[in-house]
Amino acid sequence: MNMMAKFQMSRIDLRNRVLSAAQLRSALPRGGVDVDAVVPKVRPIVDAVAQRGAQAALEYGESFDGIRPETVRVPRELLSQALENLDADVRAALQVSIDRARAVHADQRRTDTTTTLAPGATVTERWVPVERVGLYVPGGNAVYPSSVVMNVVPAQTAGVDSMVIASPPQGQFGGRPHPTILAAAALLGVDEVWAVGGAQAVALLAYGGTDTDGAELAPVDMITGPGNIYVTAAKRICRSQVGIDAEAGPTEIAILADHTADPVHVAADLISQAEHDEMAASVLVTDSETLAEATDRELANQLATTKHVERVTAALSGKQSAIVLVDDIDAGVRTVNAYAAEHLEIQTVDAPGVAGRIRSAGAIFVGAWSPVSLGDYCAGSNHVLPTAGCARHSSGLSVQTFLRGIHVVEYDEAALKDVSGHVITLSKAEDLPAHGEAVRRRFER
């Protein structure tokens, strides 16, 4: 591993430069994926599944991966069996993750509110859960039982009555999803799992169909969960049919650090997210050139013993990753706010104070003892977060994702009469006189 001794992340030097937020976004590294480019390839898949249901989904799965399960829906007994066979330590860790996530998400549940505007005039905002949700759990480079937890817990807490998990079938497991995925579903009390992945899974969730044994595969009202570029494209296409959480891109970490940060921690955290994907983004923003150099040396040391060294090295060397040098922490705050990272670590003097100045991040991890890996598994927070700068306008998955606010308007005769003149005036101003007539005629005798 001598070549790793010379490993160095690319540098972006923003010192002595005064840049606007838009200029910062242009200067900062960002890879991402071109979803538009694959939409034409994915649309025929979605159309075929919309027309032919499970048959088309199974055909596409077989052509792409060489795997065709006997049925789309995994028999319930296999879920129970997977839980029974789950490693005891993994089960205990999953239970801790579930318990902590439930505690955090329970505090997110909104309550109905009623506003009384005048005697006999009320508007109530009633929060109602989505009725049926499809939760996508990817396959690929890793197994993600944690994604089962992060999708299911907020949906259950919101009160969603019906949910289905879709996850790619695995050849080594008889055309079923990975047993750890099945076990996590069983541990959470979810008994409907579909062995289908990719764009065809999203389409089948959106449009439903009939399984090979004649059982109904009911469509959902909303689809959540991350996936590859084809899954993202399918979600974009299907969003006129169902709701979606977001168009998730490759994972990303930004670390805002000063001279007090430990380069061992910084390097380990950059590597931890680079482990996901060759397109993963790892960005260090610092006012300390000494820390930047020490982090490079520590990256070389740790890469020598990293299991997925090729994948990690590709991610750290990609155009989406860099060490960004800034004049001071104030400039660093402006920089990370412009970047709007999925995960942002603060490793500085007065980390809580600095964190309080952050306005754009999917999740903020404060201090040396709050690594992103904690949030991935057992912090209690949700790890399904906005990527590609979307944290400037969007939030991570939460109980609110699965709730709909419905306004319930109730006026009595006197309350309507009191405001009727204003309604009629505004309807005339908008040249929609029938609106006013609908009120006026109620008071004709």
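Just so you know, glycine gets a Cβ as well, placed from its N, Cα and C.
Straight from Swiss-Prot, the features:
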- Glu342: active site, proton acceptor (ACT_SITE)
- His343: active site, proton acceptor (ACT_SITE)
- Tyr136, Gln200, Asn228: NAD(+) binding site (BINDING)
- Thr251, Gln273, His276, His343, Asp376, Glu430, His435: substrate binding site (BINDING)
- Gln273, His276, Asp376, His435: Zn(2+) binding site (BINDING)
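Features recorded in Swiss-Prot, as mapped to the structure shown.
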| residue | record | contacts (Cβ under 8 Å, 6+ apart) |
| --- | --- | --- |
| Gln200 | NAD(+) binding site | Ile45, Val49, Ala56, Ala57, Tyr60, Gly61, Ala234 |
| Thr251 | substrate binding site | Gln273, His276, Asp277, Ala280, Ala281, Glu342, His343, Thr387 |
| Asp376 | substrate binding site | Ser146, His383 |
| Glu430 | substrate binding site | none |
| His435 | substrate binding site | Val423, Ser427 |
Around Tyr136 (NAD(+) binding site), which residues of its chain at least 6 apart sit with Cβ under 8 Å of its Cβ? Asn151, Ile165, Ala166, Ser167, Ala201, Val202, Leu205, Ile223, Thr224, Gly225, Pro226, Gly227, Val231
Under a three-state DSSP reduction, the secondary structure at Gln200 (NAD(+) binding site) is helix
To test your reading of the NAD(+) site: which residues beyond Tyr136, Gln200, Asn228, same chain only, put their Cβ within 8 Å of the Cβ centroid of those residues? Pro138, Ala166, Pro168, Gly197, Gly198, Ala199, Ala201, Val202, Gly227, Tyr230, Val231, Ala234
Residue among the recorded positions His276, His343 whose Cβ has the most other Cβ atoms within 10 Å: His343
Is Asp376 (substrate binding site) helix, strand or coil when read with DSSP? helix
DSSP-derived class (H/G/I helix, E/B strand, else coil) of His435 (substrate binding site): helix
Rounded to whole angstrom, what's the largest C-alpha distance between any two of Tyr136, Gln200, Asn228, listed as binding NAD(+)? 12
Given the binding-site residues Asn228, Gln273, which one's Cβ is surrounded by the fewest other Cβ atoms within 10 Å? Asn228
